[in-house]
Every structure is written in C-alpha cells, then in structure tokens.
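Quick look at what TrEMBL annotates:
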type: TRANSMEM; residues: A:12-33; note: transmembrane segment
type: TRANSMEM; residues: A:39-57; note: transmembrane segment
type: TRANSMEM; residues: A:77-101; note: transmembrane segment
type: TRANSMEM; residues: A:107-130; note: transmembrane segment
type: TRANSMEM; residues: A:137-156; note: transmembrane segment
type: TRANSMEM; residues: A:206-224; note: transmembrane segment
type: TRANSMEM; residues: A:236-253; note: transmembrane segment
type: TRANSMEM; residues: A:265-287; note: transmembrane segment
type: TRANSMEM; residues: A:299-320; note: transmembrane segment
Amino acid sequence: MFDWLQHFSDWLIYSVFEIGAQTHLGVALNFFVYDTIKILILLFVIVFLMGIVNTYFPIERLKEYLNKNKLYGLEYFFSSIFGAITPFCSCSSVPLFIGFVQGGIPLGVTFSFLITSPLVNEVAVAMFLGMFGIKATLIYAVSGILLGTLGGWILGKFNLEPLLSDWVKKILESKMQQAEYEEKKLTFYERLPEITQGAWDIVKGVLLYVIIGIAIGAAMHGYVPENFFNKYLGSGEWWTVPLAVIIAVPMYANAAGIVPVIQVFVAKGVPLGTAIAFMMATVGLSIPEATLLKKVMSLKLIAIFFGVVTIAIIISGFLFNSIL
Amino acid sequence: MSKVIKILGTGCPKCQSMTGVVSEVVSENNIEATIEKVEDIMEIMKYNVMTTPALVIDDVITIKGRVPSKDEVLNLLN
C-alpha cells in the first residue's frame, strides 16, 4: 500500500540528496521521511473515519443506550467499546465521568469507559498501524477494550461510591434537572467540513510530536546496533514487563511521540508484548489524568483505580509475551 | 437586548478556539453580548454537559463538544 512512498523516500534520499544507502545517515533519513509521511496520512484517515463514526454515535446517545438497555453484564464491554470510539481529550474525562454517573450508570461501567478512552484512541491506533502493522494494532485495540471491560468489572465489585468527592455525591443525590439543550441535527454533508477540519486540527496538534518521535526513532534505528536491548532487557526476563509498566505509568508521553521510539526498541530485540504493555501504561495512565480526577475522586479511589489498571496491564504484558 | 454568552470548558485547546471564534463573531458584527468563560468544573457540571467545549447563549446550551464555524455562531446569535 505504501510502496510508492518507499520509492519516493529512496529517490529523495539516495538520488536527490545523494546520501548513500549504505551509510547510517542515509538509512536514518530514509526511515524518517518514509515514516513521517506514512504516519501523517494514516493519522488523517483514521481521525477522519472516527469523526464520521462519532456523528452517528454522539456520547449522549451512548449514555442513553447504556442506561436504558438491560445488557446482562455486557454493559462493561459496551462501555469499553464506546470509550474506544469516542475521541479522547483528557479535559473531557471529568465531565464525562460525572455525566455517566449522574445518568445512573454504575461506577464500574463508567470506569470501563474511563480506562479504554485514553488507552484506545485514534492517535494511538494510527501510530500503531503505521509502525507495527495491522496484526499488532488489532492485538492492541482488542486487548485494550478487554482490559477496560475487566478493569471496570473488577472496580465495580468494590464499594467505591463513598470514595467520590463530596460535591459529586451531592450531584448524585440531587438528580438535578437536565439543562435545556437545543441543537439542530446536522446532516452528514453539513458536518463534513467540520469533520475534515477536526481531523486537520488533530494532525496539526500532534505533528511536532510525530516528527520528534520519528526523528529519535530514525536516529536510534541507524545507530543502535542490532540486538542491543537483548543484552539488557530483551531476553524475556519476567521482571522486564512490570518494570516497563511501572516506569511508564507516571510518564505522560503523547502516543504520537512514543510509538516510533517503541518501534525501534522492538526492532532491536525487546519483545512486542513488553512494548505493548509499556505503551498502554504510558497513554492509559498518567499523572495529569490523576490530577484531573482528583476533582471527582478521593486519592484512595484514584490509587485503587490506577492500581487495578496497572496490574491488568502487567498481566496482559505477560500474556502477549507468552502468545506472540 | 444584550445577550449573555458563556463558554464552558476546562481550558483545553478546543475550548480556546471556540472562545476565539465566538469573540471574533461578536466584535465583527457589533453584537451586544457579554462573553464569559466558565472554567470551574463544578460550574460546568451545572449545565449537565458531558463534552466540552460547550456554548451557552442566554442559559440555553447550543453547541457541545465541538468548535463551531463563524457562520454557525452568527446564526445562533441572531
């Protein structure tokens, strides 16, 4: 699919700039040009497609669906899927959380949404697709959704409502009136310019991270010797998974910046499962998210939430490594 | 009659671009209106919105979760 782009990069670097295909610099530059363009195309296409999906499934409708249908335990799964298809913005997570709980959706089901939403987001999926191919992307997305389902279900088993902030509890008790809301329904064609604009905005927003991430990746690709990481952490020592996850949790790396670097780690010998677990912990949990959630949850609840998700990611890491 | 415009949002980039669009529309068309940014999450939740930014005109929520075009805002204000 991207053969033409490889030809273009070869031509640009080896023929136009006349940098040899045998030199480190040539390989690194070729990698950089090819990956940057490929990722930007994928990113735009996926964000655009997600924009279309979202016109048909606005979050309010998803909430109503979860609220009105008896799903016999499948509500965790659906909530997690909804989390995956809803565009993620960390600044929306608190309003979403309150909106869900206030709408009568159980806390555990809400957590399913909250876990998957940052974990499986359009930027992460596009980056994964570009750097690791379709198989790894499917594994990432499916396991992210399952992780959200299970995580929410486990959290739902605890009695966590008393651990919400006082003002959130008050909102829940008061069951306040739905504010008046008037928005005329726009047709698909009327929304198309806006979806396109939105996709451009996201691509522009992550452009810098993509370039920096790929530049670091390209540099490492050309200069780090093969199997370099094998010597230190690639040989599948059991503790490398928990270590990678625990390092990644507080990190707040943009998915766009981190994936190209992870790709090099994998190319140089780190097991794919460890890399996926690292990626999940980086985008799924972060200090800024915890700070935002502090407004609606007690520290204890945040700690339980992060703890359950961290353990789930570590277990998935082991699973990936034993299967892949 | 002066309109009261409120922009609900916790300060994400989209909220800032909505504020930009709305204030441009107001000043370019000499619309009598006050623009207020509501950034406090507790205040925002009083409007029961789940996606920010949201545009509230005279206490009616008109747009949520996306950045409108200038034309759309102008229509809503007229």
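Counting begins at 1 with the first residue displayed.
Every residue gets a Cβ built from N, Cα and C, even glycine.
Any TrEMBL annotation is an automated prediction that lacks curation.
Residues 47, 50-51, 53-54, 57, 59, 62-63, 65-66, 71, 107, 109-110, 112-122, 141, 144-146, 148-149, 152, 164, 168, 171-172, 288-289, 292-293, 295-296 of the same chain sit 6 or more residues outside the transmembrane segment (A:77-101) yet have a Cβ under 8 Å from a Cβ within it. As a quick check, the transmembrane segment (A:236-253) and the transmembrane segment (A:39-57) miss the bar of 3 or more Cβ pairs under 8 A, pairs 6 or more apart, so the two do not touch.
Within its own chain, the transmembrane segment (A:39-57) is flanked in space by residues 82, 85-87, 122-123, 125-127, 129-131, 186, 188, 191, 195-196, 198-200, 202-203, 206-207, 210, 214, 256, 260, which lie at least six positions past its ends and keep a Cβ under 8 Å from the stretch.
Simply put, out of A:12-33, A:107-130, A:206-224, A:265-287, A:299-320, A:107-130 has the most Cβ pairs sitting under 8 Å from the transmembrane segment (A:137-156). In summary, the transmembrane segment (A:206-224) does not lie against the transmembrane segment (A:299-320): fewer than three C-beta pairs, each 6 or more positions apart in sequence, are under 8 Å. Long-range contacts of the transmembrane segment (A:107-130) within the same chain: residues 35, 38-39, 42-43, 45-47, 50, 66, 75-77, 79-84, 86-88, 90, 93, 96-97, 100-101, 136-137, 140-141, 144-145, 147-149, 151-157, 160-161, 202, 206, 210, 254-256, 259-260, 279-280, 283-284, 289, 305, 309, each at least 6 residues beyond the stretch ends and with a Cβ under 8 Å from a Cβ of the stretch.
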